[in-house]
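**Student:** So that we are looking at the same thing, I have put the structure below in C-alpha cells.
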Amino acid sequence: MSKKVQKVVLAYSGGLDTSIILKWLQTTYGAEVVTFTADLGQGEELEPARRKAQLLGIKDENIFIEDLREEFVRDYVFPMFRANAVYEGQYLLGTSIARPLIAKKQIEIAEKVGADAVAHGATGKGNDQVRFELGYYALKPDITIIAPWREWDLRSREQLIAFAEQHQIPIAKDKRGEAPFSVDANLLHASSEGKVLEDPAQEVPDYVYSRTIDPEAAPDQPTYITIDFEQGDAVAIDGGKMSPATLLAKLNELGRANGIGRLDLVENRFVGMKSRGMYETPGGAILLVAHRGIEQITLDRGAAHLKDELMPKYAELVYNGFWFSPEREMLQAAIDQSQRYVTGQVRLKLYKGNVILVGRDSAYSLYDQDLVTFEEGAVAYDHRDAAGFIKLNALRLRTLGQRRKKLGL
C-alpha cells in the first residue's frame, strides 16, 4: 500500500470469496467500496448480489449491476469467432474473452464515481489476474490495482470461513467445506477447474457437467439446423433473425440437447504452469464449424491460408490478456477485412456430440461446379493446362535433383 486508497471498484459476484474480499478491502484499506456485477449470461440471478452488497454496508449508489450479454457477444465473442480463434488447437477461449469487458466496465465505473483503485478476485496462480490487470493498465495507466489473493494472509478455506464468520458474512451451508471444483460461466461457456479435476489421469465425474448432456444419452435421431451469416457474423437460425446474445443462447440449447461442446483439456497457462480444465462450449462449438463452413466457399485460398497462419497468434493474444494491444487490433482489422463476403447459409447435422457440416451456400461463393466437375461443361477445365503448371513448380526440385545426381548424393 504505497498510497492511501480512497475508493475502490470491486469486480463482485456476490459469492463467498468476493464478499470476503469486499469486507477485507473495507477493514484493510479503510476505503469506500463500489461493487460491479456483470451479467454475461452465467445463468445466475444477480439481485442476490445486490442484497449481499447492501448487507455488507455498500450504499445503493455504489452498487452497479449491468446486463452485458449483447455487448459481450457482439463486441467480443463474434469478433473472436471471425478469426476462428482456438488456443492450443482446442480451447475456444470462453473465460479469456470475458475478462476484457469486465475490466473495461470497471474502469468506466471508476472514472464515473471518482475511484482511484480497482480490485478483482483472481488468484495469484492463474491467468485471470494477468487478463484483468493488463486491461486495467491499458485503459487507465495510473489506476491502483488491488489483488487481495496476492496480499492477504488468508491461506486456507478454514481461514476464509473464520474471517467470514468474524465479520458476519453469510455462508451457504455447502460452502463450509471445500468445494469439489470451481466454476466460471458466461454465455459462451462454462469451465470447471481444481480439486477433483487436478489429476489428469482421472476421468471427469458426471456431476461436473452443467451445460451439456452426455453424448451417449443424446437423442438417437439427428437435429438439422441452418445458420445464416452476414460478413462473418451469425445472424439467423433456421431463417429466424436473432440478436447476437439470443442466437448464441439458442445454439447453447441445441448443443446441450445433443451433447455437443465438451472438452477435457490440459493447457499451458501464461503464468508458466500446466492446468487441467473441463470446458463446455455447446453453442461455440456449433458456431465454429458453421463459420469455417461458410468461409470454405467465400474466402480466396490465399486469404484463407493467411488467416490460418494468423489465428494461433490471435488466440494466444486473447488467452494471455492482450485484447487491448495494438497487435490484436491490427490482426482484427485484417480479419474483419477478410469477412466482407463471408455471407451465406450453412446446414448442420447435430448428433451425439458431433457437429457435422452437410451443406453451404452463398451468393458470393467462389466454388464453380463447372470447373470441378468430371463432366465436360461450358467452361470445363482443360486438363492439358496442368502440365505447364506442374513443370514450372517442379523447376527448383529438378534443379536440386540434378545437383544431387552430379555429386552422387
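Each Cβ is built from the backbone N, Cα and C atoms, and glycine gets one as well.
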**Student:** Write down the one residue from Ala31, Ala38, Ala110, Ala138 that Swiss-Prot lists together with Ala11, Tyr12, Ser13, Gly14, Gly15, Leu16, Asp17, Thr18, Ser19, Gly121 as binding ATP.
**Tutor:** Ala38
**Student:** In whole Å, how far is Gly121 (ATP binding site) from Asn127 (L-citrulline binding site) when you measure between their Cα atoms?
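**Tutor:** One finds 12 Å between the Cα atoms of these residues.
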**Student:** What is the Cβ neighbour count of Arg131 (L-citrulline binding site) at a 10 Å cut-off, with all protein chains included?
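**Tutor:** There are 27 such Cβ atoms around Arg131 (L-citrulline binding site).
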**Student:** What's the number of neighbouring CB atoms sitting within 10 A of the CB on Gly121 (ATP binding site)?
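**Tutor:** A count of 21.
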**Student:** What is the nearest of the binding-site residues Tyr91, Thr123, Glu267 to Gly15 (ATP binding site), using the Cα of each?
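**Tutor:** Ranked by Cα distance from Gly15 (ATP binding site), first place goes to Thr123.
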